[in-house]
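Per TrEMBL, these features apply:
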| type | residues | note |
| --- | --- | --- |
| TRANSMEM | 140-164 | transmembrane segment |
| TRANSMEM | 205-232 | transmembrane segment |
| TRANSMEM | 244-263 | transmembrane segment |
| TRANSMEM | 275-299 | transmembrane segment |
| TRANSMEM | 311-334 | transmembrane segment |
| TRANSMEM | 358-387 | transmembrane segment |
| TRANSMEM | 393-417 | transmembrane segment |
| TRANSMEM | 429-450 | transmembrane segment |
| TRANSMEM | 470-494 | transmembrane segment |
């Protein structure tokens, strides 16, 4: 079940399949071609390959010819050296006249190929479009977008109701109170004004996590913008991955800046350790997992193993660019004045009353992660198919729209849950706002388990370890991204509502 991947003029070899649908001429393309096939316990090797190369010419604009298509047709033939096989008889299917090449019945084999050149009307700028005819059509993507939009609109209505009705009524009522005795009788989020900005537990790690999340958000947004303009199209092989690595390193300046600003607001004094954790904690986790997985791949003598020279280049990128930029951002962040808070924090923390069951931290975190996951799970299926099933992913417009919907959804669900929590006089919202959206990563990893059991046929230990190792890293990236959006949105919301009321 291995696939052979060839490249001609930066075009990947694509195998053409005819869809079994009512629509005549409907085809799809799969990256690469199989080494062979298995039927009834016998193994038939593809020892002859036909290369279909398409070219285009435009004498008015340039001289010569340009390759605009590269398709392959694999065949299994017993006597490949006697001549070019007939495409109607040499396929490895029952009922064909030409004998197929049974791997168990031969001691020697010969690989052959033939080339067919065909003129095409496809222009060179559109030559990659032919490879993008995937099984996942645009109609399903539109269904994904509509599903995400409905979730976002539902949350938008909820947040609008909170802000325009309930919150506006609360602010008006609190500001009209005439005496302190009346204020003492009030309940709700105003009563916790002296504790709402209290320093949370493990504030250093919260600042580091949010800073790393901002770094990932910046990398994702810039990458998608470049992809939308065609700069990082699939036609430029490897450009997407290289750009993501470079952008992640350059976005370290924002990670250092945000983490330092938050940690300074928490009145933290150990800024050196905070900056070091921002520069090394999560990038170190990603690198160690990637390095260990690469050791297993290298142990299998696979050509997919990353060379150690490339690993060294990644370390140079990390220590030479990312780490200094994190310290540079932290330097500017700590030099700036502290973030102004609308209310003062009391010295003695207020006692939190008993909370209802539906506001239990575990329950709210699990509920908060469902909606962000629901907004992206359909698009997640196509991304996972492109990674694990050798398909092309090119719908960056859909992906950019889904990312915008995800960010808005995380902000809205975090604001809603934070408001309900403050209304119940529970002021420990810092970590709760981060985890309520970050818990969507749990559902992503659970979905990867379902995808593994239903869509993939992997039974080797190393392949299984590789799959779950990479999916764990993807889930951790999503955890930091969504959690940071939720925490920053809740902070802006809380700061805004407490600056709107009069505090004696």
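Here the Cβ of each residue, glycine as well, is placed from N, Cα and C on the backbone.
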Seminar exercise, completed: Among 205-232, 275-299, 311-334, 358-387, 470-494, the most Cβ pairs under 8 Å with the transmembrane segment (140-164) come from 358-387
Seminar exercise, completed: The recorded stretch from 244-263, 275-299, 311-334, 393-417, 429-450 sharing the largest number of CB pairs under 8 A with the transmembrane segment (205-232) is 244-263
For this session: Please give the sequence-distant neighbours of the transmembrane segment (470-494): residues at least 6 beyond its ends with Cβ less than 8 Å from one of its Cβ atoms.
Result: 196-197, 206, 209-210, 212-214, 216-217, 220, 282, 285-286, 289-290, 293, 368-369, 372, 387, 406-407, 410-415, 418-419, 422, 429-430, 433-442, 444-445, 448
Exercise. Does the transmembrane segment (429-450) make contact with the transmembrane segment (358-387) through 3 or more Cβ pairs under 8 Å, each pair 6 or more apart in sequence?
Worked result: yes
